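A short worksheet on the structure shown next.
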Amino acid sequence: MSSASRWQWETATAGAVAGFATVAAMHPLDVVRTRFQVNDGRVLNLPTYKNTAHAIFTIARLEGLRGLYAGFSPAVLGSTVSWGLYFFFYGRAKERYSKDREKQLSAGLHLASAAEAGALVSLCTNPIWLVKTRLQLQTPLHQTRPYSGFYDALRTIIREEGWAALYKGLLPSLFLVSHGAIQFTAYEELRKIVVDFKSKNSRTHYGSADRVLVIRSRLQQRPSSEGIPRYMDSWHVVRETARFEGIRGFYKGITPNLLKNVPASSITFIVYENVLKFLKLARTNE
């Protein structure tokens, strides 16, 4: 195996391990975020929570640990596959852009590499995230027959709604690529600064990402028992949310999202760097 190919698989492996570690640590907040995002106050089969802490305690009391980790299997699968593919595609894109370039890649090329990787990952993993959202929204108040697990949900969705249903929420997911691309560009630039022993400040903004996450979560809800979807497309979600909930509706779940994303980003990159360092050390000792 060539050194370039070996490096790409090492980055993919490190990314997969980082994805698993992040989900295992932060999944309860992801469940809370999803439930806040889809609750528009007009659906009776979704519980109402006062705030993030109340949601966590209520879910733990009524549904137990299983409720806090609802959708954990597809979340682990999706995050592991997503981060593995992301770092793989990201490495390939950086390698392609760096050909015939002696200097380090610019921030613009890092941004392009990250955006390209994010779009490819979204196309590959959207069905997994759809199933995860559906499982997270199953509560004791649910009237439709609950999915027994990941594979049952996948089979039921295909049988009742068709293959196209697996790609509900894809458009908002592609918009979210810009958020990940900015995050990765900031990571690369900060990493470059640390390596060069310089100092600089960097910030990441989550507001626009939260608006798009609300749209995606609502699109990915399970249809009613009559098979009628609550929302037809992204624009329908935007219109209905603005009409009944105003601008606040687009920011539902922002607190658990921030509580999840800030440490999650740190966990992902710390685990990634350390696993990559371990793999490189193992290779040099062969």
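Our numbering is plain: 1 for the first residue shown, then up by one each step along the chain.
Backbone N, Cα and C define each Cβ position, glycine as well.
Annotated repeat 'Solcar' per TrEMBL: 6-96 (among others), in sequence order. With DSSP states grouped into helix (H, G, I), strand (E, B) and coil, the repeat 'Solcar' (6-96) comes out at 75 helix, 0 strand, 16 coil.
The transmembrane segment annotation in TrEMBL covers 68-89.
A mean pLDDT of 86 is what the model gives for the repeat 'Solcar' (105-193). Annotation source TrEMBL lists repeat 'Solcar' at 105-193 (among others).
As annotated by TrEMBL, repeat 'Solcar' applies to 195-278 (among others).
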